[in-house]
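J.: What follows is a single structure, and I will ask about it in a moment.
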Amino acid sequence: MSGAVLVAVAAAIGNLLQGWDNATIAGAVLYIKKEFQLESNPTVEGLIVAMSLIGATVITTCSGAVADSLGRRPMLIISSVLYFLSGLVMLWSPNVYVLLMARLLDGFGIGLAVTLVPVYISETAPPEIRGLLNTLPQFTGSGGMFLSYCMVFGMSLMDSPSWRLMLGVLSIPSLIYFVLTVFFLPESPRWLVSKGRMLEAKRVLQRLRGREDVSGEMALLVEGLGVGGDTSLEEYIIGPASDLVDDQDIYADKDQIKLYGPEEGLSWVARPVTGGQSSLGLASRRGSMATQSGLGLGLVDPLVTLFGSVH
């Protein structure tokens, strides 16, 4: 549970940077206007403020499709890189045109973060606290604005406030965000399941939930997405859960999904077929197998057999 919370907090830093930027430009634009003599050119002044919003709007039109293809985590990494680069360019900006380009890059980073952080948190958070964790983007965004206003106020008390420094400071927290996205944040287990990468999804869920048994949640993901990876339902062997210990060497690299049955204390374990006929075994969560009760080591499931023949 704590793993999922820490992952959500780390991901929400992307929204903190968005709030940080929105507040910083509000104070920095006063000094930008003086340096570039924009008092008589309100259009350019407005563009400096709005360029990040324009960039965010543009990037959100394609971010969803790209994230479905590449994954949530790579897009968050790209967002952190865009934040970092835009901060450096704003710190350097020799003229208003370079500043506008930097603000556009910043907007791309904002658009990716605002779009994907809530999705990522939803797909990694446990159901019982999913709603609570999904308030983090709004909370961190507001917190970022507060911290930025405090920074701008402090810098405005200096003899010669630097708008470049105000905007360039963004690179520091964005570098921290980059390190977290690369080395700490896992890929979304839901996205992994949608791509058929069941074993990776299981390992991520085990890390996020802090327990070994995540079979029930894996089964819900497979059912909800209507996928079984590259292996369809009829291609799974269903066997007793306790058999997994004996067969762990054989199936070490195979996907396994435990499906809980309607009777209390009973469960099925699905494994990819390595050859032969699909079969069904019934197991107890307490470790006693129905096969020991005279049902046989591998009952043939007529539904699985039927699906296999139709397929």
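Cβ atoms are placed via backbone N, Cα and C, with glycine included.
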J.: With the ranges 8-32, 133-157 to choose from, which does TrEMBL describe as transmembrane segment?
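T.: In TrEMBL, residues 133-157 carry the label transmembrane segment.
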J.: What residues elsewhere in the chain lie close to the transmembrane segment (74-92), defined as a C-beta under 8 angstroms and at least 6 residues from its ends?
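T.: Tertiary neighbours of the transmembrane segment (74-92) are 11, 14, 17, 63, 66-67, 98-99, 101-103, 105-106, 108-109, 112-113, 116-117, 120, 164-165, 167-172, 174-175, 177-178, 181-182, 185.
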J.: Using a Cβ cut-off of under 8 Å, list the residues of the same chain at least 6 residues beyond the transmembrane segment (163-185) that approach it.
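T.: Counting only partners 6 or more residues beyond its ends, the transmembrane segment (163-185) has Cβ contacts under 8 Å with 6-7, 10-11, 13-14, 16-17, 20-21, 24-25, 27-32, 35, 73, 76-77, 79-81, 83-84, 86-88, 90-93, 102, 106, 109, 120, 151-152, 155.
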